[in-house]
Amino acid sequence: MRNRTRPNPDAGAPIGVFDSGIGGLTVVRALRRRLPGESIVYFGDPARSPYGTKSADTILRFAVEDAGFLLSRGVKLVIVACHSASSSALPELERRLPVPVLGVVEPGARAAVRATKSNRIAVIGTSATIASGAYERAIRRLRRKVEIIAKPTPLFVPLVEEGWLDNDIAEAVARRYLAGLAEEGVDTLLLGCTHFPLLARVIGRVLGPGVALVDSAEQTAATAEELLAGQRLLNSGGAVRHRFYLSDLAPSFQTVGERFLGEQMGDVVRASVGDVPEARVSRSRPPVPRRVRRTSRVKR
């Protein structure tokens, strides 16, 4: 995240998190553990998921619309919990938005570099994340002498969205994608998608105990805490309220979403970003989104 002069948000405002689906709830879980005094607004976009198979231009458009939704809810920080959007759209979001923006690529790279002993790191992610080369660049900024093996694993996302987390199909797909990594001397696997931690059991079984699995969620939450503290934006009191919005509500959402979150979610609101216009690129004036249309509510 770049440091630049921005309008000073209210410290009591919520943190905003968006993802292409429900995988970003792993980041919400880490935030709730690390920053229990902060309110959170989450927007997931399963109606247009997966982002990782889309073009860079489309991912940017979706990311701007998602961020606009969060701005319309008055957030003080936007966390791009989608690795595909972090890889493709983060610099543009940093330039456009009037609040700080934090992605998941840099925190994940730091965690992987700390974990490796052999200096052989594998990265898995969506096709867009891997094609962007964002993780390789981030890791090599931290440690130049490191071998990186990057593998797209696009079928992992629909497996998770369907709730197929630890069955024969998930294991067969994991073996097809990950065969040979341990034999190549890889000792660290960076899970370059917020969906992938829910496949950790089957991935760990395929790779064996000699390969550490790195999830960027915890490091992202730690970075968010540092950022808010540095800008005096940590909430010092008041009621905490978490709000969850989705562009579509699949029948399995509540069950799978609560696995990501690690607890019950309560009310979930279906929302459309259709009324939030794509922001114009402007160095002097950030986008001002219109109100977002809410269409239905699901109650636990």
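Every residue, even glycine, has its Cβ placed from backbone N, Cα and C.
What TrEMBL annotates here:
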ACT_SITE  CYS82  active site, proton donor/acceptor
ACT_SITE  CYS193  active site, proton donor/acceptor
BINDING   ASP19, SER20, TYR51, GLY52, THR194, HIS195  substrate binding site
COMPBIAS  288-300  compositional bias 'Basic residues'
REGION    280-300  region 'Disordered'
### Query
In which DSSP state, out of helix, strand and coil, do we find ASP19 (substrate binding site)?
strand
### Message
My understanding is the cutoff is Cβ-Cβ under 8 Å with a sequence separation of 6 or more in the same chain; which residues meet that for ASP19 (substrate binding site)?
### Response
LEU25, VAL27, TYR42, PHE43, GLY44, ASP45, ALA81, CYS82, THR194
#### Entry: Rounded inter-Cα distance in Å - GLY52 (substrate binding site), CYS193 (active site, proton donor/acceptor)
10
### Task
Determine the most Cβ-crowded residue among the active-site residues CYS82, CYS193, using a 10 Å radius around each Cβ and all protein chains in the structure.
CYS82
